[in-house]
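Enquirer: Quick one: the structure is below, questions incoming.
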Amino acid sequence: MDVNPTLLFLKVPAQNAISTTFPYTGDPPYSHGTGTGYTMDTVNRTHQYSEKGKWTTNTETGAPQLNPIDGPLPEDNEPSGYAQTDCVLEAMAFLEESHPGIFENSCLETMEVVQQTRVDKLTQGRQTYDWTLNRNQPAATALANTIEVFRSNGLTANESGRLIDFLKDVMESMDKEEMEITTHFQRKRRVRDNMTKKMVTQRTIGKKKQRVNKRSYLIRALTLNTMTKDAERGKLKRRAIATPGMQIRGFVYFVETLARSICEKLEQSGLPVGGNEKKAKLANVVRKMMTNSQDTELSFTITGDNTKWNENQNPRMFLAMITYITKNQPEWFRNILSIAPIMFSNKMARLGKGYMFESKRMKLRTQIPAEMLASIDLKYFNESTRKKIEKIRPLLIDGTASLSPGMMMGMFNMLSTVLGVSILNLGQKKYTKTTYWWDGLQSSDDFALIVNAPNHEGIQAGVDRFYRTCKLVGINMSKKKSYINRTGTFEFTSFFYRYGFVANFSMELPSFGVSGINESADMSIGVTVIKNNMINNDLGPATAQMALQLFIKDYRYTYRCHRGDTQIQTRRSFELKKLWEQTRSKAGLLVSDGGPNLYNIRNLHIPEVCLKWELMDEDYQGRLCNPLNPFVSHKEIESVNNAVIMPAHGPAKSMEYDAVATTHSWIPKRNRSILNTSQRGILEDEQMYQKCCNLFEKFFPSSSYRRPVGISSMVEAMVSRARIDARIDFESGRIKKEEFSEIMKICFTIEELRRQK
């Protein structure tokens, strides 16, 4: 049947059709190969935007550095990083004047956080540049390796477990003349396989000690590793993102804590809130501008776009901001916050894996690592790559490029938002001292600007003034990509506003479907996504009902669990039919056991097991939820789990769903192929780490688990806990005298062993 697509929209208001224009169905593009080229682009562009700055050489590392601050006044239309310090400081002063006490209060809040944060905060986050192995690692492993190296080099402040003490170690490590590190390496040897009598390559992993001098260590500590940003929609070119190492992470965390605390108090900031809370905040600003623009005033809104936000920001500017924000605060606090921007002013960008060469004729492939780019003959490269390498060569040291200006993506989102809001704040009439005035919203590099004035000339003048003010602090509004409309229609961080926010439903499309965790979680997540979209995204009842039917169908095909009375033949149908025939109450079978679907849009909030519990046969209940059944996973299943939901763009969202432990909550095993690679040593470290944590949690069930205070180690805490528990159990008669004395003996032995060590 042919459908005329225009018929679909006859009853739909135009603004609701925005969803259909988004490129958000289907798989997003992923990058393959190395990010070296993208990283070189970033480095070269960043220097180009600041090219009229002053060149200096870092005395410790010998890296050439470009400083554009207080450089020439920026030119029109060309993006540039020449921020003027006095302008930034003045913007900060006016921001404080409009919000009395804001900086003071945020500093006090942050000081409290600084004193309480444990070093395990750094284990959050995914990939981290591990400077000891010179490549990316999971955050927890990278932290463990760093602490291990610090310890073997006589730095022990971090034993107390406070992040601030770990940062003291980082500072001390930078003064050391040399550091000794442990690296992993691979040995290959050819041996004859006893079974097949063929020759095979056997790999063994070794650890070796290596000394690193001060200069090399500093370069590693200041290095940001780079990767290609994956899954970016609507772009032809990929771009590079940075993963900083452990030395930088802690300092950045404290700066962002301070900035977050400031953003929470600013009505123009789109961070750190999200979702409906963010929409409410935005709607308030719009309402304020609409009500104040009485009949005499015009009100226009710019949907703004900034050119290369990160590459024109400058860490030196952030240092100036922090110095101002923390003026009157204790010296130690000011020092600890100023280290992150100082490290970023001296940062090095690691160029990634390098280039891969193929000779079609000789069927050869070879990799040119980034370290070789400084010396290799350029005749092997094509024109554009040659230009990139020539440009970057003066900046190269040991396969990393000196990158003083610019910020790299996603490092100081909150602090850069504070800078943006400080310019929006200058739009009040008392500062513009004329008939036009402005306000707006800022969320990292995205902004919306609302300008009010008596006539069109006033609007134009207001926009021009805003544009020029931004230029003075290194923000470059793009005249090509920003557009202006009567207030009431604009877009900000993918929220479309048209006299109220329009649900951009297409953004949520990728999160519909089967997640692939396990049968239990997938069912729960699937219905929760539909429920949430009915609440938040205008998903109507009829569409929701259809989405539900499609989901159930998808789910049955994924897990091959078609109804027991179906004609569809799959690998599981024999077992499921047998179960169907011997079940008295067929409605009680879970969908994943070939049962019928009892969900409709009224009961999406109830986990399937609970929905069908009363309908189940008794023996089926017993199998499904029996804690003695070896297939019921008891990996600390809470009553609420978190799923990571990927919207079409924007950060991954965490979504809560109800989790009921059944035979269907299985956990897939780790892929074994990792065991044959150089990652194996790391995997063993990780498992050791995991075992220790699990053991610790056995002693301290989550209800009674408070973070250890003071300097007792995990072992001491567990031993003292074991003694207390044993005494209570013995006195209440739960354990016999022999068991009690055996526990005491074990505790004593552990303490003895620790002393001898």
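Yeah, the Cβs are placed from backbone N, Cα and C, and that goes for glycine too.
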Enquirer: Please identify the range among 137-144, 249-256, 409-416 that Swiss-Prot labels region 'Promoter-binding site'.
Expert: 249-256
Enquirer: In Swiss-Prot, one of 169-177, 187-195, 268-276, 592-600 is tagged motif 'Nuclear localization signal'. Which stretch would that be?
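Expert: Swiss-Prot lists motif 'Nuclear localization signal' for residues 187-195.
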Enquirer: The motif 'Nuclear localization signal' (203-216): mean pLDDT?
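Expert: Summing pLDDT over the motif 'Nuclear localization signal' (203-216) and dividing by its length gives 89.
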Enquirer: So what's near the region 'Promoter-binding site' (249-256) in sequence-distant terms, Cβ-Cβ under 8 Å and 6+ beyond its ends?
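Expert: For the region 'Promoter-binding site' (249-256), the far contacts come to 110, 113-114, 117, 119, 121-122, 125, 128, 163, 166-167, 170, 318, 322, 336-337, 339-341, 343, 411-415.
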